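Below: the structure, in structure tokens.
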Amino acid sequence: MAEASRWHLGGTPKHKLRYREDVEIRTTLQELLLYSIFLINLCILTFGMVNPHMYYLNKVMSSLFLDTSVAGEERTNFKSIRSITDFWKFMEGPLLDGLYWDSWYNNENLYDLKSSRIYYENILLGLPRVRQLKVRNGTCKVHAFFRSLMDECYDKYTSKNEDMADFGLKQHTEWKYSSPHMNSPWHWGFAGVYRDGGYIFTLSKSKSETLNKFINLRMNSWITRGTRVIFIDFSVYNANVNLFCIIRLVAEFPATGGILTSWQFYSVKLLRYVSFYDYFIASCEIIFCIFIIVFTIQEIKKLKEFKFAYFKSIWNWLELLLLVLCFLTVFFSLYSNMKIYHMLGQLLRNTEKYSDFYFLAYWHIYYNNIIAITIFFAWIKNMFLAIINDTYSEVKADYSIGRRPDFQLGKMIKKSYNNALEKLKLKKPGTDEDKKRENKDLAEKARREGFDEKEIQSAEQMKKWKERLEKKYYSTEIQDDYQTVTQQEFRDLFLYAVELEKELHYVSLKLNRVMRKVSALQ
């Protein structure tokens, strides 16, 4: 009867239940292996886009244009600009010296070049550009008490307050307003958000001509009370490391007075496929797309199978979020590459104008951001890989002593999570009441799966043997007077105890049968 109850309770044979559990474990491990390969591939893609040269190129350029001071005792550099006078000193000093490298260290002229070479290695692409945005007078109101002292009022910068009228000499582009381009990104500053356009001029290839230009602008008050921001944009390319450095220096003139300086140095790899390592990254990109297709098919099958119940699981929502981010990553990669190859040739053909690489860097930074978010959520899923592997080892150990563990993934993770907290002393160990409750739950589950009371009692007894052995020989808090044992010694002791318990159980059954026969004879 006991055997019959074990095999036929609920119409489901015991070996089939075990088979389904084994299949579930095998499927889970296969998915974990597949996802681990996907995660490694994604990490290669992410970290393959950056290299130490990006940091060093940024450091060299920022040191040249931010930390170089005006000649003399004033020690004024871009970071220390606080007034319009300081700004013009920087423009006519460190900026010019940093942009124009026309001689070697021994004052010999450089060989014939079409463009300046900063530090002799970085080609200046096109011509640098200076751009100003202003606000109109009367964009704010002066209180009646002070109108006799001040009749002009310039508010903070907004697109509605922007001044678009010609001013000053009203000659050339620096005195005339230029409309913004539709697709150009806005710039987020300290004192406002600024759009493209404004009063623009490009520098000359000659250092002396550019110096005369600055002097002329300074003498004719190109910077006014309505000035709210000035951008200095230029780009360089280093062929030695195949990197573009897009540079933007920003001087904001808030309505409070003074000047706030900020800067952006973007070292990016716009020409992505040059070396053999680049083609290896390209192969990883293809593998990434294959993984996206495989995962998409898996999620579609789950959705068809579970229908609306699919959306009740938080893990399924995480899968969908990860897929959406992966598709966005592919989209940004394709779009940025198309834009780069379309615009790069046009920008490099004309060296007499400003080459707007800032737009290309803008999309490249977006791509980096989206893939960073993708890898963040990828590492959150299942971050639990080590926990699940640890739990699987515990489950295999449970099988060896006759326990019938629950293979629900959520409970497996929760159990390992609580164990980790206890080991880190972030949570108090389970009390005796918790252990009794756990044992009771296991016993109830065993009854539902067809085990009789004797088998349940036998399993509970074997569990007690295991806990005693663990406490005596395998505790993590072994005292100095205890003699530690090896894993093999512990295993031998444990197997001996299990076999001894089985023999005792067998003898007990035989003894019960003999006692029944004696009673019948009497």
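From the backbone N, Cα and C atoms, a Cβ is placed for every residue, glycine too.
TrEMBL: automatically predicted annotations, no manual curation.
Features reported for this protein in TrEMBL:
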type	residues	note
COMPBIAS	429-455	compositional bias 'Basic and acidic residues'
DISULFID	Cys140-Cys153	disulfide bond
DOMAIN	77-271	domain 'Polycystin'
DOMAIN	272-381	domain 'Polycystin cation channel PKD1/PKD2'
REGION	428-455	region 'Disordered'
TRANSMEM	32-51	transmembrane segment
TRANSMEM	276-297	transmembrane segment
TRANSMEM	317-336	transmembrane segment
TRANSMEM	357-380	transmembrane segment
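Residues 241, 269, 277, 280-281, 284-285, 287-288, 291, 294-295, 368, 371-372, 374-375, 378-379, 381-382, 385, 388-389 of the same chain lie 6 or more positions beyond the ends of the transmembrane segment (32-51) yet place their CB under 8 Å from a CB of it.
For Cys153 (disulfide bond), the number of other Cβ atoms no farther than 10 Å from its own Cβ, over all displayed protein chains, is 18. The DSSP breakdown of the domain 'Polycystin cation channel PKD1/PKD2' (272-381) into helical (H, G, I), extended (E, B) and coil residues amounts to 96 helix, 1 strand, 13 coil.
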